[in-house]
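Database features, via TrEMBL:
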- 31-41: compositional bias 'Polar residues' (COMPBIAS)
- 64-75: compositional bias 'Polar residues' (COMPBIAS)
- 154-400: domain 'ABC transporter' (DOMAIN)
- 27-75: region 'Disordered' (REGION)
- 515-535: transmembrane segment (TRANSMEM)
- 547-570: transmembrane segment (TRANSMEM)
- 591-617: transmembrane segment (TRANSMEM)
- 623-645: transmembrane segment (TRANSMEM)
- 657-676: transmembrane segment (TRANSMEM)
Amino acid sequence: MEKGSHSSSTTLARTKSDQLVETLAAAFKSARQSDQQTPPGTSEIGGTLSRKSSKRVMMGASPRRSSGENNNTYIRKSRSAQMKLDLEELSSGAALSRASSASLGLSFSFTGFTVPPDEIADSKPFSDDDIPEDVEARTCKMKFQTEPTLPIYLKFTDVTYKVIIKGMTSCEERDILNGITGAVNPGEVLALMGPSGSGKTTLLNLLGGRLIQSTVGGSITYNDQPYSKFLKSRIGFVTQDDVLFPHLTVEETLMYAARLRLPKVLTRQQKEKRAVDVIYELGLERCQDTMIGGSFVRGVSGGERKRVCIGNEIIINPSLLFLDEPTSGLDSTTALRTIQTLQDIAEVGKTVITTIHQPSSRLFHKFDKLILLGKGSLLYFGKASEAIVYFSSIGCSPLIAMNPAEFLLDLANGNLTDISVPSELEDKVQMENSETETGNGKPPPAVVHEYLVEAYESRVADTEKKKLMAPLPLDDELKSKVSSSKRQWGASWWQQYCILFCRGIKERKHDYFSWLRITQVLSTAIILGLLWWQSDSKTIRGRQDQAGLLFFIAVFWGFFPVFTAIFTFPQERAMLGKERAADMYRLSAYFLARTTSDLPLDLILPVLFLLVVYFMAGLRLSASHFFLSMLTVFLCIVAAQGLGLAIGATLMDLKRATTLASVTVMTFMLAGGYFVKKVPVFISWIRYMSFNYHTYKLLLKVQYQDIMPTVNGIKTDSGLKEVGALVAMIFGYRFLAYLSLRKMQLHCEA
């Protein structure tokens, strides 16, 4: 028995450092003693670990403190070389169980936990079926969905991109990307690294189909097929900025995304269940009822907001997942958990590409492949674990212990501080004029950059391009699916409209019913009621005073909606661009839902306003006259909203839109028929475009139609012309706004 124990210990010692031999031997000895005390009917724990478990040993089992406490299992993943065991060499199931128990005890000895020997002996080896825990939320989370997805192999060869900078007298072309080549397969995480301005985000947008312009060169293929609109439903794209609605909760945000993006074949209950699953997968159940928050609204933390953005994309089970700086603004622990999430996503067969600025050493080792960019040129493409080896082979080695990411970024910036200078570069610099050297004797960054680009092109580039030239071993069915040009909508047009309508009301009800806005409207109504308290419509002076009140009502409810509506599309431009790029809904469904969802909210405050002003000012006390006055104000509000929407959608800039709206509303007010009775012919056409003018005439006709034929020079006829003009403005201004949005969206897609 002692001989067998000695041989097993020798086998394990080959795969671990000498420091662990004595610990393992002691663990085997205690395990054998416990086996002798086991009853005959008790079966021994055996089995084999899966590939994932053998690749990354998972350790857990927190100590039991008391019978009343919850026995939470904390799972700690480690890729440290000293913690890996080659478990495949262990032949018997008993030896496998003891090795797992020994490694568990060793893990907790490093982390400060102590586990009783009997618990170590009873521990089971972990496999893929174990449920990992969300350490931040302190709750168990489910495994990522492993349902089948379309595998997509992404290749890009000699990708170039230029921008045209237009000056006062000339145009200049600037190269952003210069011949970038690479590939990433399902199950891999590709990191795009480089200093600021190196072209990481541009390359990510090109690979994700977000930039399709004539200035793009090279080849980008998906399963050896070019980009098609079908891929929009297979691609998840997480932008650097967290573009979310601040007043929606985490659960509502993911529910609406699921209902809009998941396929039509799924029922509403199935879509909502998927959203709940994603909430638990990402550890967001603790904050699912909390609002997202923003600049003026308190909400979830930065890490939780970033996970909501990731959840918005993985909810569709994408084949390709692109992320732009997913760790920016996060602390090191939250960033590590975010990257670990991406690794879990990739392990179930998805392709993940992310840009990252300066990761920690732990983050860096979680990437499978790496692209290093410098000034738009490719400095390295290959396995992330072999990057240091490659740069050492060309003479650039770190002289001190440093983070691999810091070392690579220093090279990309041309900074050779604490980095060895290649002999070829030293000879080249010495041959040049001494003025080209910096004060510390190091070559200038431009020379270092040129050397790194030439070294990669001469040593690696041709080999990588030959690999990419080989066709993929894929059947024609997979290739034909990718090349399909048919879009896949997750919901019908009517469903999209209903979902967006409900989402719009939930998002904006907080703004419309804020105490500030209610106070503004009611205080104005009370002041008007006091100034025109019980005015007399029987005298000429009284009718003139009431005409002034009616004109102010027409101006107020023409001015107020315009300056509310101009913010609509400029503020939602980022969200609209993001969701339309993912084909979440049709633009027509969004526009109609966005404009109609405002109406119920916009028409509540005018009712309160008129209830106060109408009776305090002593206007005609008749139900028909009151409701006709209300209808006239409603027409004015909807027409003014249309003008604000058109201005905002056309300019898409708040400062310019506010300026144009101020000038327009002031012009309409002056031409409204109260200040100037006789307008010159050459400019009289303006008053017919003024909703203030038509509203003012309608209010006068409602009040005095049966009393007198004219009031202030305005005939009190039926008012059908004014109603027709306001209705034409309602639809005309909105049609102009829709065309402007359509043009903007086409420009974005181009």
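Cβ coordinates come from backbone N, Cα and C, glycine included.
No curator has checked TrEMBL annotations; they are predicted automatically.
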Handout entry: Whole-number mean of pLDDT values that fall within the domain 'ABC transporter' (154-400)
Key = 90
Exercise for the section: Could you give the residue numbers and ranges of same-chain residues that sit at least 6 residues beyond the transmembrane segment (657-676) on either side and whose C-beta is under 8 angstroms from one of its C-beta atoms? Expected result: 547-548, 551, 554-555, 558-559, 562-563, 566, 570, 643-644, 647-648, 651, 683, 686-687, 689-693, 696-697, 712, 714
Problem - Contacting positions for the transmembrane segment (515-535) when only residues 6+ beyond its ends and CB under 8 Å are counted - result: 542, 545-546, 549, 552, 556, 605, 608-610, 612-613, 615-618
